[in-house]
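According to Swiss-Prot, the protein has these features:
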- Lys292: active site, N6-GMP-lysine intermediate (ACT_SITE)
- 684-1007: domain 'mRNA cap 0 methyltransferase' (DOMAIN)
- Asn693, Asn694: mRNA binding site (BINDING)
- Lys697, Gly715, Asp737, Gln813, Phe814, Thr815: S-adenosyl-L-methionine binding site (BINDING)
- Lys724: site 'mRNA cap binding' (SITE)
- Arg753: site 'mRNA cap binding' (SITE)
- His817: site 'mRNA cap binding' (SITE)
- Glu912: site 'mRNA cap binding' (SITE)
Amino acid sequence: MGTKLKKSNNDITIFSENEYNEIVEMLRDYSNGDNLEFEVSFKNINYPNFMRITEHYINITPENKIESNNYLDISLIFPDKNVYRVSLFNQEQIGEFITKFSKASSNDISRYIVSLDPSDDIEIVYKNRGSGKLIGIDNWAITIKSTEEIPLVAGKSKISKPKITGSERIMYRYKTRYSFTINKNSRIDITDVKSSPIIWKLMTVPSNYELELELINKIDINTLESELLNVFMIIQDTKIPISKAESDTVVEEYRNLLNVRQTNNLDSRNVISVNSNHIINFIPNRYAVTDKADGERYFLFSLNSGIYLLSINLTVKKLNIPVLEKRYQNMLIDGEYIKTTGHDLFMVFDVIFAEGTDYRYDNTYSLPKRIIIINNIIDKCFGNLIPFNDYTDKHNNLELDSIKTYYKSELSNYWKNFKNRLNKSTDLFITRKLYLVPYGIDSSEIFMYADMIWKLYVYNELTPYQLDGIIYTPINSPYLIRGGIDAYDTIPMEYKWKPPSQNSIDFYIRFKKDVSGADAVYYDNSVERAEGKPYKICLLYVGLNKQGQEIPIQFKVNGVEQTANIYTKDGEATDINGNAINDNTVVEFVFDTLKIDMDDSYKWIPIRTRYDKTESVQKYHKRYGNNLQIANRIWKTITNPITEDIISSLGDPTTFNKEITLLSDFRDTKYNKQALTYYQKNTSNAAGMRAFNNWIKSNMITTYCRDGSKVLDIGCGRGGDLIKFINAGVEFYVGIDIDNNGLYVINDSANNRYKNLKKTIQNIPPMYFINADARGLFTLEAQEKILPGMPDFNKSLINKYLVGNKYDTINCQFTIHYYLSDELSWNNFCKNINNQLKDNGYLLITSFDGNLIHNKLKGKQKLSSSYTDNRGNKNIFFEINKIYSDTDKVGLGMAIDLYNSLISNPGTYIREYLVFPEFLEKSLKEKCGLELVESDLFYNIFNTYKNYFKKTYNEYGMTDVSSKKHSEIREFYLSLEGNANNDIEIDIARASFKLAMLNRYYVFRKTSTINITEPSRIVNELNNRIDLGKFIMPYFRTNNMFIDLDNVDTDINRVYRNIRNKYRTTRPHVYLIKHNINENRLEDIYLSNNKLDFSKIKNGSDPKVLLIYKSPDKQFYPLYYQNYQSMPFDLDQIYLPDKKKYLLDSDRIINDLNILINLTEKIKNIPQLS
């Protein structure tokens, strides 16, 4: 009868004929009864199901139809199985009850329970089991029951309280329940339950998870079955739910096909994290490459009963796809199940069994042959083979540049066609993964493909799904490779590469307990981290196979058992997305290698719960996170990662050998690579140099981020510059960084800095922090490809503050070198600048000067400086290793590896790219419409302000903060001259000086026209703030002086005669200013002592001022000023329309000069010149 009533869901039937009749009768009784409860309980709900089902109903149920409660059920179970249940809803009352009765007798507890009366916080129900019915449907793992429930209502109850005889049993159940009223007929209850007959054990027992569908209205059996099928669709995550019998049959068919009788997991190919040994010894010319999507691995299994997906744990999903023809039945193919917005995909990357052939160990079927078989399956079975032409289909020559250009175009066309086909699909879209197989013409070829795939798919957004990494598959091996974990470094395996930020270890976790058995809570007393903030200590376990059984053991690094200190929110330990993480589950962690000065327990950061592995632990007591040996291997990739930049360098034939040499020389040593993020260590070393760098940044920010500015800070890191923007009076600030940990997770994150600043500073501007990568476009779609798994609040910030928003100033301090790695990254960065910067807005940049480093490294491999510590050991302060070749064209992709002892652990190198001033100025003008306003070397600023900083701060009336910074910089200057407390300080100062003087700053403005006579605003602002006599700066545009670039000469006399001839009729009052540079050699860097000399030329009745400036490169320039003391100020009088130049500025120039002369105290002794 049941089968005849089904009219949907592929005629799926839940009830047998007998069950059907019994349930009809139960529904009739429910409709006629007053106090009957009718509910369906779903068995075998594990933690992954619990989380997925909860999330599903939260997303589809209106907020006013959702209830959540935490309460304690105390049930008195009588010999006749009837139940008297008291529910306590007040958490304080629950705590008091547990404390009071933890050691009491059962009789005392029973008498207390019966003494309670119903109230707002107490609910009492009597369950009459004798009046109910129960049907178990094992084939669908559900129980259908009806029970009489009589609530006790104060003063209205029809039943009396039970008498305590001592024969009662007590059961305690602490519940966290979510209730969803999904329609007018039914309610879904999802409950996390801790059950125990012993009260004091209640909070220590593991959770069970319950799912119930309860009727709230009268319905017929067809409606009930339809409701149940809808729930099964959610539980099984499929449109076609299947019974336990069908699932068991599919698993049995799979085991028989592959002759793997005892397994509870897929017999799939192992994929291991790639390391330098694999790159050096195995991958070149022997591997193909494809992308790894952010999806789940499944086998697709074709049978005569349908097509199914088998998960790692042999969970079965049935697909809504017609049965294939007989030749393609008993077929197994390996792939990724990928969910995207609006479409689901299954991407096949290998074949296991097809048309009677087992491909697992057959060496005659290499990868290229299996690819042909996969293509045929996709075409014949699913009709989704999208054409992709091999290079040799259209070309005869094998040249890397031609191949690269061809595949870039072919991939773009392929994915365009792919998306068109996908958008037309209404069901699961099944197609192939695309492999690029090298021709073997150069060892760099495979890495060229890997670099191309990653950048085009991620930063150019070619794919409709997010990437999780790159897969390297051996060309000449069968599907399965024989060899255990011990052989992973001795034979070719399949390798997985992930960006270093996503290298993670899966741990089985247990929280430390207190004396009561509950999770222990500790409080952080560190002011630097989070004073007084509560946290839990999480013990981190991995799996170890011992005598054929897997057991969890605590993960160790250098013999130290690893733990994670996880801060709590509302009493719950949470992952980075704010989701609670629970005891006895498997959680994915990343390790923040940038927290250099913190204990390891603060560096482990939980990313997400791994529900698949948690399920495996709960079902089979297997997969306690990663296996120990696998975890150790991943740890090596965390501490010595293969970065995107290394892959890119390996993909360039001109730098391949050099990169291989670096990987070989430093393999398993302290030469580590770190990408895209670095932060200053908490150290007193080179405090003067750091203060000097910050002083320059402060003045840039204060000058160009004026009151009311809206600022976008690209590469804001952990917010070290926030106070600078606050002091500048900005109105609104948005900081962007690729490192989400530095923005939000760690204790000294940008967000935490902002919160702390708000406590001490009034009227602080709104500041927001967005996890984003400027190498991709600032759109949500683009950023989700680069940073998969970002939380919803970050998506909201991108849409709100990046998409369609423009800023007065964009700040980019010491990060632009990351965006010059390749053309695609640079183009995206420039598009972002163009899209986000207002007209007439400013772009502020600091970076190494590429010309300086390029010149110093000509014919050399490295540039470094060192110092001797207090133990007499010589330490490298910084080292730059040249990755590029001297023959490379200056511009993009000029790679160096930088070790900086201030930001990195010993041996940790950061890949950067040289920033060449000429390239930067030309490219930003062409791509963004930016004009250079001003730029100079830190070296020149350093020399210019030497006299100022060598004076004590007391002479300037500074604030305490300013005086501290001034003092640090002053000591830096003095140390360089040998005037310090000890030789170590002198040594460190000189070593740090060599690093700092490699830097340059730039200010660009977004405007189509710019006046070359515009002054150096940074210098003017500096001078105003320090109230110091104005120095003549080594700039072309400085202190509102106009420099006549047309009359530059190396002969001062010719310049002077030119001025005299030009202004013969004005009888000028002339001063000749000579900028003398006395050079002191310090290793290969020169210290310059500036000296200003003045010569009085001639007096006049209506004096004019003419100046000659000698630049550091020994060029002489005429400078023009005119004093309008005898006439009112009029802009028209100082502007030369015919030359479109300002001849002079107002009284301020003369005032500046007078101050300068007075400060020198030389005016009285200046000789007259005829």
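Counting starts with 1 at the first residue shown.
Note: Cβ is positioned from N, Cα and C throughout, glycine not excepted.
When the Cα of Lys697 (S-adenosyl-L-methionine binding site) is compared against those of the recorded positions Lys292, His817, Glu912, the shortest separation belongs to His817. In sequence order, the recorded positions near Glu912 (site 'mRNA cap binding') (Cα within 10 Å of its Cα) are Thr815, drawn from Lys292, Asn694, Gly715, Asp737, Thr815. Of Asn693, Asn694, Lys724, Arg753, His817, all annotated as recorded positions, the residue with the shortest Cα distance to Gly715 (S-adenosyl-L-methionine binding site) is His817. Ranked by how many other Cβ atoms sit within 10 Å of their Cβ, the binding-site residues Asn693, Asn694, Gln813, Thr815 place Asn694 at the bottom. Asn694 (mRNA binding site) has Lys724 nearby among the recorded positions Lys292, Lys724, Thr815, His817, counting only those with a Cα within 10 angstroms of its own Cα. Comment: S-adenosyl-L-methionine site residues Lys697, Gly715, Asp737, Gln813, Phe814, Thr815; largest CA to CA distance 18 Å, whole number.
If you compare Cα positions, Gln813 (S-adenosyl-L-methionine binding site) sits closest to Asn693 out of the recorded positions Lys292, Asn693, Arg753. Arg753 (site 'mRNA cap binding') has its Cα within 10 Å of the Cα of none of the recorded positions Lys292, Asn693, Asp737, Phe814, Thr815.
Per-residue confidence over the domain 'mRNA cap 0 methyltransferase' (684-1007) averages 88 (mean pLDDT, predicted model). Put simply, Asp737 is the one of the recorded positions Asn693, Lys724, Asp737, Thr815, His817 whose Cα lies nearest to the Cα of the residue listed as 'active site, N6-GMP-lysine intermediate'. The Cβ of His817 (site 'mRNA cap binding') has Ser847, Phe848, Glu912, Tyr913, Leu914, Val915 as same-chain neighbours under 8 Å, each 6 or more residues away in sequence. Long-range Cβ neighbours of Phe814 (S-adenosyl-L-methionine binding site) (same chain, at least 6 residues apart, Cβ-Cβ under 8 Å): Gly715, Thr846, Ser847. Sequence-distant contacts (6 or more apart, same chain, Cβ under 8 Å) of Lys724 (site 'mRNA cap binding') comprise Asn694, Lys697, Ser698, Ile701, Thr702. Other Cβ atoms within 10 Å of the Cβ of the residue listed as 'active site, N6-GMP-lysine intermediate', summed over all protein chains shown, number 18.
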